[in-house]
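Visitor: Have a look at this one.
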């Protein structure tokens with residue numbers, strides 16, 4: 001959104017996230033101009049890593065760059081537990097301020113252990129996650145220790161977000177689609193499961209999302225979330241079949257489609273809605289993040305179209 | 001391989017590909033030190049694009065960078081057909097020289113229209129292939145013209161490679177896993193099919209490979225190749241089920257696994273072989289390229305282990 005870009009001219013990514021007044025403003029921007037049914041907290045997956053002991057910065061055009069990535073068991077031992085009420089007070093403060101301003105539900109989020117671990121280990125962008133997987137295979141104990149610490153943090157952090165007022169939470173396992181199913185079950189799933197277990201006694205619905213997960217959806221559905229998100233590569237009806245009828249589903253319009261002409265966008269939105277077939281438990285969403293060159297007007301048209309196509313359900 | 005790295009210190013990527021004596025040397029390196037059953041031509045997917053009118057260079061650490069990427073129908077019109085015997089004579093010369101030196105079959109290759117088009121349009125590395133997909137959606141005529149020209153080139157180029165002596169060909173649709181199934185059927189499959197049709201009257205077996213294709217394998221199997229390759233994300237038995245019993249299968253050890261300890265590599269190799277279950281038509285391979293930091297000794301151990309595990313079949 002242009003309003004967001006204007007702010008990013010003035011402030012760095014971390015500064016925006018760490019200043020509640022600004023994070024509130026950015027969270028509200030799409031809610032005010034697009035007919036969405038929920039707000040998603042403006043924040044970043046990596047924020048909890050800083051108080052845990054890993055410093056990083058966002059390098060323009062390249063994403064996060066860590067000063068001292070985790071490369072050994074000794075590096076894992078450097079990480080320490082955090083109290084989110086203290087270390088991430090600015091996020092909780094943002095949530096509390098948002099709750100006084102929003103009339104739609106607010107979704108909080110955290111990174112899943114695998115995805116956070118991959119950032120910690122790669123230390124920057126990666127195509128193949130070779131260092132991450134090399135540690136998994138060669139130093140499984142260090143890997144599991146790292147993921148346990150991240151899972152513990154994630155559970156506490158989500159509890160704190162829910163206590164501060166978020167109405168639902170999302171666990172982003174963005175890069176887990178790098179794993180085949182056997183590796184997923186051994187190295188990622190047990191830790192993600194602990195995150196959902198940590199909030200199981202609370203009343204907040206949870207969403208579990210990853211990219212490139214066609215072969216993982218069945219296993220992801222066992223991690224404990226109320227809803228599983230799918231990217232655009234798996235047709236929604238097929239994805240729902242894979243995760244089973246007991247879970248809700250979120251997805252899954254290809255975000256690049258929003259760069260195309262409206263008649264194509266419309267047909268694709270209709271297709272997603274048709275595949276959901278009116279079953280309760282579908283959260284319409286993109287299959288991954290909005291691309292920077294997307295026109296906010298198109299996103300607004302999509303939101304209106306979805307409401308139109310599903311209006312009979314809310315009547 | 002260290003021998004390859006030594007050559008890369010002396011020569012650029014394009015120079016290596018375009019000098020038959022050097023390309024022969026690089027092709028032979030793994031055949032001489034690893035017990036592989038076939039050689040794959042040392043070359044690059046992008047070579048045919050240069051004589052078609054697109055100049056590029058390989059930038060260290062970043063991959064190919066095009067001087068004038070394709071961004072419009074007018075840019076597509078700039079591309080001209082080529083005669084591979086003339087424009088890619090150095091590749092055919094490499095093949096002819098190799099055939100006098102090899103005692104295992106030689107595999108030639110070409111990029112599939114979607115993947116080549118994505119390089120032409122992005123002009124450099126891309127995470128989301130946004131420009132490629134934007135052209136597909138917004139300028140379908142320009143897209144289909146571009147892919148038709150690439151398909152025509154690919155068909156002629158493969159015929160020339162087979163005439164020069166390659167025993168089998170591979171069509172790499174490396175990045176096609178970015179598409180959902182409906183887009184694949186509309187924008188990629190018809191063009192790939194033309195490539196296989198162009199060599200259908202010849203006697204060379206063909207392999208069709210892409211990454212992240214869990215949801216595309218069924219459609220890929222209809223493009224006309226004798227063998228379909230799968231990456232490591234789809235268990236081999238599941239992939240074979242998807243492509244059907246009439247096609248051979250190639251794959252699919254996770255290349256990052258080779259960075260792990262031998263007991264893990266062994267177990268994973270055994271798993272792939274067990275999933276093939278002795279059915280004829282399995283070509284054991286990695287699920288994507290070998291990573292630069294991989295030890296050649298591990299690759300050699302894998303080749304020996306595969307031979308050991310499948311020895312009863314060749315007896």
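In case you wondered, yes, glycine gets a Cβ from its N, Cα and C as well.
So TrEMBL says this about it:
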| type | residues | note |
| --- | --- | --- |
| BINDING | B:44, B:119, B:174, B:288 | substrate binding site |
| DOMAIN | B:107-123 | domain 'Uroporphyrinogen decarboxylase (URO-D)' |
| SITE | B:44 | site 'Transition state stabilizer' |
Visitor: How many neighbouring Cβ atoms, not counting its own, are there within 10 Å of the Cβ of residue B:44 (substrate binding site)?
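Guide: Its Cβ has 18 other Cβ atoms within 10 Å.
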Visitor: Per 10 Å Cβ neighbour count, which of the binding-site residues B:119, B:174, B:288 ranks highest?
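Guide: Selected residue: B:119.
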Visitor: What does DSSP say about residue B:119 (substrate binding site): helix, strand or coil?
Guide: helix
Visitor: Kindly state the mean pLDDT of the domain 'Uroporphyrinogen decarboxylase (URO-D)' (B:107-123) in the predicted structure.
Guide: 98
